[in-house]
């Protein structure tokens with residue numbers, strides 16, 4: 001039943017997205033069958049909400065610029081598993097299995113403490129009003145803005161789930177070694193297009209990745225394929241073999257997803273793909289994969305940062321509108337169900 005609900009909501013989402021992106025302040029899906037999102041829901045109930053989120057994100061990114069990419073990724077990983085419902089934030093407890101230990105998330109997702117701090121202040125100012133799912137969406141936008149990227153009006157009104165789905169997290173979230181066909185399939189499964197997929201991949205213009213996530217890029221056979229920069233591959237091989245890169249908390253060597261402008265949200269990611277310098281296999285495959293549209297979009301975004309910014313904003317709105325739980329509430333603490 002839950003899967004059927006999601007499919008129905010995705011169909012309605014596709015029909016409604018054009019009017020929402022045209023400037024409608026409300027994005028209602030009708031009859032309470034899907035979440036009703038809008039720009040002004042907290043205008044009277046919690047007018048300080050967005051400024052509180054921004055202040056904490058600003059502080060976190062100032063202390064550690066990488067946190068911008070981490071908060072953006074939290075929203076992405078949340079929305080791809082049964083919709084944008086903050087299920088990714090729930091801790092494992094006795095008798096409850098969350099999503100934090102799923103393969104794509106374990107020792108990878110970061111920023112939970114930033115969300116905790118935001119939620120704690122919001123609960124003091126306007127108790128049980130702003131959902132954790134909305135906090136994730138707003139924090140993702142603010143992270144992009146603070147990194148030099150575009151801004152947009154975040155649609156709010158999401159509810160927090162009562163459950164999580166570790167199996168879906170393992171299955172639904174695109175892996176760093178995905179083929180272009182698999183990427184397209186996973187995005188289409190949640191109602192997102194090829195254009196959305198290529199635009200949202202541009203989020204990898206900021207952030208870092210562990211060597212284990214791009215190890216297949218280091219293999220000799222991969223170095224002989226098309227769209228590969230041999231000097232770039234050699235530099236990665238030296239980095240990962242020597243452990244000379246930046247080290248994450250668990251000791252794994254990490255590299256910048258964009259070596260040219262690592263802390264700036266811009267279109268350099270696509271320029272890198274044109275020269276064979278995409279870090280993750282799932283990045284470079286947008287150029288090397290057998291899909292003319294993805295290659296065309298990479299070329300467009302590399303040449304026109306304005307078009308990339310516009311498409312990225314619109315795709316973030318569509319991803320953020322992937323419907324979550326049919327029944328939910330506002331958690332008092334994002335890590336646990338009330």
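For all residues, glycine too, the Cβ spot is worked out from N, Cα and C.
Bear in mind that TrEMBL entries carry predicted annotations, made automatically and left uncurated.
The signal peptide feature in TrEMBL is assigned to 1-22. What TrEMBL lists as site 'Transition state stabilizer' is 73. Residues or ranges marked as active site, proton acceptor by TrEMBL: 77. As annotated by TrEMBL, substrate binding site applies to 174. The annotation Ca(2+) 2 binding site is assigned in TrEMBL to 205, 258, 261, 266.
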Please work out which residue of 205, 261 has the most C-beta neighbours within 10 angstroms of its C-beta, and give that one of the binding-site residues. 205
174, 205, 258, 261, 266 screened against the residue listed as 'active site, proton acceptor', Cα within 10 Å - retained binding-site residues: 174
Between residue 258 (Ca(2+) 2 binding site) and residue 73 (site 'Transition state stabilizer'): CA-CA distance (Å): 15
Among 258, 266 [binding-site residues], residue with fewest other Cβ within 10 Å: 266
Starting from the Cβ centroid of 205, 258, 261, 266, the recorded Ca(2+) 2 site, name every other residue in that chain with its Cβ within 8 Å, sequence order please. 206, 260, 262, 264, 265, 267, 268, 269
As a whole number of Å, the Cα atom of residue 266 (Ca(2+) 2 binding site) is distant from the Cα atom of the residue listed as 'substrate binding site' by 22
Measuring Cα to Cα, tell me the gap between residue 205 (Ca(2+) 2 binding site) and residue 174 (substrate binding site) in whole angstrom. 17
Note: in the chain of residue 174 (substrate binding site), residues six or more apart in sequence with C-beta under 8 angstroms of its C-beta are 80, 182, 183, 186, 187, 282
Can you tell me how many other Cβ atoms are located within 10 Å of the Cβ belonging to residue 77 (active site, proton acceptor)? 22
